[in-house]
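Visitor: Could you have a look at this structure, given as C-alpha cells, before my questions?
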Amino acid sequence: MSTVALRSLVKRYGNVNAVDDITLDVAEGQLVALLGPSGCGKTTTLRMIGGFVEASAGSILIGGTDVTRLPPARRNIGFGFQSYALFPHMSVAQNVAFGLEMRRLPRAEIAQRVNQALDRVRLRAMADRLPKHLSGGQQQRVSLARALVIEPSLLLLDEPLSNLDAQLRGEMKLEIRQIQKAMGITTIFVTHDQDEALSIADRIVVMRSGRIEQDGTPESVFAAPRSRFVAEFMGVTNLLPGTFEASGCFRLTNGAAIRISDQAGAPERESVLAIRPERIRIARAGATPGPDDLPAEIEAATYRGLTVEYRLRTGSGLHLTARQPTPATGGPTMLEPGACIHIGVPTDACLLIPA
Amino acid sequence: MSSTAIRRTYGAVSALVLAFILLPLVVIVWVSFFANRILAFPASGYTLDWYARALATDSFRDGFVTSVETALFATAASLLIGIPASLGLVRGRFPGRDAIQTLLLAPMVVPGIVGGAALFIAYIEVEARLDLQIAGTLGGLLVAHTLIALPWTIRLVTASLASADRAIEEAAASLGASPLTVLRRVTLPAIRPGIVAAALFSFVISFIDLEKSIFLVGPGRTTLQIALVNYLEWSLDGTVAAVAAVQILIVGAALLISDRYARLSQVF
Ligand SMILES: Nc1ncnc2c1ncn2[C@@H]1O[C@H](COP(=O)(O)OP(=O)(O)OP(=O)(O)O)[C@@H](O)[C@H]1O
Ligand SMILES: [Mg+2]
C-alpha cells in the first residue's frame, strides 16, 4: 500500500544498458503491467525494485522513502519469481509460512494465514507436499501465495501466470486482481503477453531495449499505439509506410493511395499507416464493392477457431492481413486461397504513426 | 552394424572393463576365506580364521582405530573449512577466484607420493623455524589428512552450490530473512546432499591414504594402510586379505551412500 517512484533508473551490464533511464511513478493501489519482448529489461527493472540487483544509477522510492541502498529484507516487498524459487526442502505450507515466521507472528496466526493463502490459490490439499512433487503451475501458485501472505506494501510479480493452462490462467488472473484490489496492494506485474496485460492492469508500461516506449491505460495503449513497435506488440499487423497527403489520401511507397479521413498526422510527412486486421472489410465476388475498395486476392487462410486470418495481395501488389469471424462465431463461410475479392478500409480504422 | 548390434558390443565391452576392474577386489575377498597358509591357489579349504587373526593383531587393530579417528577428524575439519570456503568461491567476486578453483584440481593430478614428500619437507622447514615437532606427531597427521580431504570437500560443495537456484536465497531475503538466516534456513539445507557426499568422500579419501601418511606417521602410531604395508614385508598370508576385504566393504559402502546424495560422476 505504497507509491513507487523510479527516478532515472539505470542498470549497466558491461557496456550494455539492460535498463536505460527509466522514470516511473506508480500510484497507491495501482496495478501496473510492465510489458515488452524478451530481453527488454523487465526482470532487471523488477529485481532492482526488489533489491536483488544494485542500480547503476538513479533511485527507487517506495512510499516516499529512498530504498535504493536498502537490502531486500527491509523493503517489505512480496516477490513472485519467474523461476518460482520455492525452497526445495520445505513443504508447501512451510514455504508459505516462511515470511510470517521471519515476522515472528504467533504460531496459531501463522497456521491460519497459511491456510487462507493456500485456499486462495486452491492448493490447500497440497499443503504437506514438497515442491518437487508439484506441477509447474502448482509451484507457480505456491510462489504467489508465499508472496501474498506477508501482506506486503508492494507486490512484484515476474510472469506469474506463464506456466498455467488457459483456464487456470484466467482464474488466477481474476484472483490476483481481486486480492490486489481487496488489499489495495500496489502491484507491478511483468509479462510479455499483451492479452494478459490488457485484461489485468490499470496501466500498461510498454518497454523496449531498457526504455519506456509508451505508458498509459490499457485502452489508450491498445487503441492509440504511438510507435510502430507498440502497434506491432498490440497486434496491429498492417503497417504501411508512406506519406499523408493534404487531399486526405495516404500515398504508399509503392504509389498506391488509400483514402483516410482528414484526421491526425502532419501532412506531407513520412509516416506509417496502421490498420488492425479486424478492421479490413471484405466484399466477396458478387457483392458490390464500395467506391474506394481495392481488388485483392486471398493468398493464404489460417484457421484460428474464433477467427480466420487471411493473407491478401491487392492489385497494386500490397500485402495485408485481414481477420474475420469464422462460421463458428457467426461469420460467413471461409474463403479459399486464390479467391478474388475487394477490400475496404473504413477511414476511422486508419491510424497514423510517426515513421 | 545395426544399432542393436552396436548397443550389444558396447554392453559387452563395458562389462569386460568392469570385470577387469572388479576382478582383483573379488579375488582378494575370495582368498581371504582360503585355508592355505600362504596366499596361493587353489584353495585347500575355507575358513574364517584370517578374520580372527586380523582382529587379534595389535598393529591392525591400532591402525584401524588411528585411521578411523584420523578420517573422522579430517572429515569434520574439512567440512568446517570447506563449506565457508566454497561459499566464498561460488558467491564471491575476487581476483584469483578461477585460479584457486583450478588449483584445487591439483591433488587429483599430482601423484600422492609427491604430495606426501612435499608436505614432509614443508613440515621440516616449519619445524626448523619454529623449533616445534610436527612430522611424526598426531597433529601433523591430522593436519595432513585435513589437507587431503579439503579439495574434494570443496569440489563437491561448490558443485552443489553452483547448481542450487540462487533465487531461493533472494526469495528468503525478500521475505525478511537476514543473511545469516538465509544461510542457515535455505542455503545449507538446499545443498545438504552435497555436504553429505563431501563428508563421506572425505572420510574415504583420508581412510585409504597411504602415500602421504607414510611420510608423516610417528613411532607407535600407524594408520591401517601403513600397518598393512609393514605386515606385508614379513608375511603374505590370509590376514592381509581379510583386512583388505573389510576395507573394501567400508569404502564401498561409503561411496555407494555418497553417490545416492550426489552423482559422483558429475563432480569429477
Ligand atoms: N546478470 C546479467 N549479466 C549480464 N547481462 C544480463 C544479466 N541479467 C540480464 N542481462 C541482460 O539484460 C537484458 C535484460 O534482461 P531481463 O532479464 O531484464 O529481460 P526480460 O525483459 O525480463 O526478458 P524475459 O521476457 O526473457 O524474461 C538482456 O539482454 C540480458 O541479456
Ligand atoms: Mg524476465
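Using N, Cα and C of the backbone, Cβ positions are placed for all residues, glycine too.
Straight from TrEMBL, here's the annotation block:
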DOMAIN    B:64-258  domain 'ABC transmembrane type-1'
TRANSMEM  B:12-35  transmembrane segment
TRANSMEM  B:71-90  transmembrane segment
TRANSMEM  B:102-124  transmembrane segment
TRANSMEM  B:130-150  transmembrane segment
TRANSMEM  B:190-208  transmembrane segment
TRANSMEM  B:238-257  transmembrane segment
Visitor: Are the transmembrane segment (B:12-35) and the transmembrane segment (B:130-150) close enough that 3 or more Cβ pairs fall under 8 Å, when only pairs 6 or more apart in sequence count?
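Guide: As far as Cβ distances go (cut-off 8 Å, pairs 6 or more apart), the transmembrane segment (B:130-150) and the transmembrane segment (B:12-35) do not touch.
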Visitor: Excluding the flanking five residues on each side, which residues at least 6 beyond the ends of the transmembrane segment (B:102-124) place their CB within less than 8 Å of a CB in that stretch?
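Guide: Cβ under 8 Å, 6 or more out: 134-135, 140, 144, 147-148, 151-152, 154-155, 209-216, 268.
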Visitor: Decide whether the stretches the transmembrane segment (B:12-35) and the transmembrane segment (B:238-257) have at least 3 CB pairs under 8 angstroms, with pairs required to be 6 or more apart in sequence.
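Guide: Counting Cβ pairs under 8 Å, at least 3, so yes.
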Visitor: Which residues, given as numbers and ranges, are at least 6 beyond the ends of the transmembrane segment (B:71-90) yet have a Cβ under 8 Å from it?
Guide: 97, 100-101, 142, 145-146, 148-150, 152-154, 157-158, 161-162, 183, 187-188, 195, 198-199, 202-204, 206-207
